[in-house]
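See structure below.
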Amino acid sequence: MKKTTLLVILDGWGYSESDYFNAIKNANTPTWDSIWQDFPRTLISASSLEVGLPRGQMGNSEVGHVNIGCGRVVYQELTKIDKAIEEKTFGNNKAICDAIDNVIQKDSNLHLMGLLSPGGVHSHEEHIFEMIKIAKQKGVKRVYLHAFLDGRDTPPRSAESSIKKTDDLLQKLNLGYIASVSGRYYAMDRDNRWDRVEKAYNAIVNADAEFVCNSALEALEESYARDQSDEFVIPTCIQKDGKLIKVEDNDSVIFMNFRADRAREISHAFTDENFDHFPKDRHLNINFTTLTEYDSKLKCNVAFPPEQPVNTLGEVLMKNHKTQLRIAETEKYPHVTFFFNGGKEDQFEGEDRILIPSPKVATYDLQPEMSAPEVTDKLVDAINNGKYDCIVCNYANSDMVGHTGNYEAAMQAIEYLDKCLARLKDAILEHDGNMFITADHGNADMMVNPKTQKPHTAHTTNLVPFVYVGHKKAQVALEHGKLSDIAPTILNVMNIAQPQEMTGKTIFKFEK
């Protein structure tokens, strides 16, 4: 029977001394309080340069899990793309040039689509603006933007500024206009809710939508009048002089999101010949280009293909003939598998995976416990049966409920998690295992913006906890640690040598 080392990632569980609408601090958490008091712990960085993002940029789940799993700072697509723009190499990118050459040669339209937002989590509006300028410089005649609106990694009603900037730029360059708008709830689903994706797809491709407006700003105003914030704007087509824009054969479409998980579904709708998740009247004969690789199975051009890290935690465990389990509910399953393995879809030898379905509710404040009880049942079973040397799990609650902006529901989510932690702690200590508890970024630690007094639905840049629970004596050996130091710490407690590719340092020193 194996003594399990368990890594618990509490998604969106940041640390803040402030109790102002801090769902984590103000919730009733007897287990967490006792763990924080009785076991070795520290705070580590999960944002900014320490995780390969631009200075001051909040972390996110994808970035967090890549850094944790790789055991080194992994420079993120946002940083890579910013660098290409800064060094003026963005416009020379082969995939981008091919998409632009296609429309120039065929006198067709260039469609840009993506999250029009300064959020920097799934996209950045500056990349879209740069793309529009490059299209103009290279002689493209018509550019149409299909804008997905945020309100999740940005304040819920903040899209007006982004739309105005885009309208001004397109007007100044006399190049085109925003041809459709959709809330990210529809265009960027990641949980197989294809009815949502269908609405966004039809608005973009077929100019077929429930609403038609004369401008993107008008569409936004009408949505607010229906009490639908940015995230939930129903896909709307924009007409100019009575004309609606469709995606036609020979057009080029460039998807400007750089994060994969919420870009996959609609990309498959554009590119899969045998797509069957909703009816399509035709298969598009277009140049479809994505800024980064969303899925290796997609038939498209990729502007910034992934760099494959070697000797990630999962790979090192496999090479040392260790068994491992990855477990999460649907919302965070890609994070403990694909992202944690450094962008590899395939399982390692000796790696098992358990996917617990997320509840089918419109928003998770309606069910703050989400699927945490089921995740915990499976975890406790796995610890008790001693099958695995290492288990990595993710609890989605503090992030997904945090994103709703519902403070009371977020506190309920934290209290559910506290009960789950009690069960895990008991199981680990009973079987003489090791448990590390951390987070990939903050969220529920600030549910209301103290400056604006409005709901805060985005991530925070706060530090996150890193705690050791077990019978070994441990001391903090590293001040100012970061997410990339977690994998070396796990290898240390498991007495496995750290490979040179892992540049992180061990956070705790354990008495042998």
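Quick reminder: no glycine exception, Cβ is built from N, Cα and C everywhere.
Given the structure is predicted, the values throughout are model-derived calculations rather than measurements.
Here is what Swiss-Prot says about this protein:
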- Ser61: active site, phosphoserine intermediate (ACT_SITE)
- Asp11, Ser61, Asp440, His441: Mn(2+) 2 binding site (BINDING)
- His122, Arg152, Asp153, Arg184, Arg190, Arg259, Ala260, Asp261, Arg262, Lys332: substrate binding site (BINDING)
- Asp399, His403, His459: Mn(2+) 1 binding site (BINDING)
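Set side by side, the binding-site residues Asp11, Asp153, Asp440 differ in how many other CB atoms lie within 10 angstroms of their CB, and the most is found at Asp440. Cα of Asp440 (Mn(2+) 2 binding site) to Cα of the residue listed as 'active site, phosphoserine intermediate': a distance of 6 Å. Under the DSSP three-state reduction, His122 (substrate binding site) is assigned to coil, being neither helix nor strand. Candidate recorded positions: Ser61, Asp399, His441, His459. Nearest to Asp153 (substrate binding site) by Cα distance: His459. In this structure the alpha carbons, written CA, of Asp11 (Mn(2+) 2 binding site) and the residue listed as 'active site, phosphoserine intermediate' are 7 Å apart. Long-range Cβ proximity for His403 (Mn(2+) 1 binding site), meaning a same-chain Cβ under 8 A and a gap of 6 or more residues, is found for Gly12, Arg152, Tyr364, Asn443, Thr457.
A Cα-Cα distance of 18 Å separates Ala260 (substrate binding site) from His441 (Mn(2+) 2 binding site). Arg190 (substrate binding site) and Ser61 (active site, phosphoserine intermediate) have their C-alpha atoms 14 Å apart, to the nearest angstrom.
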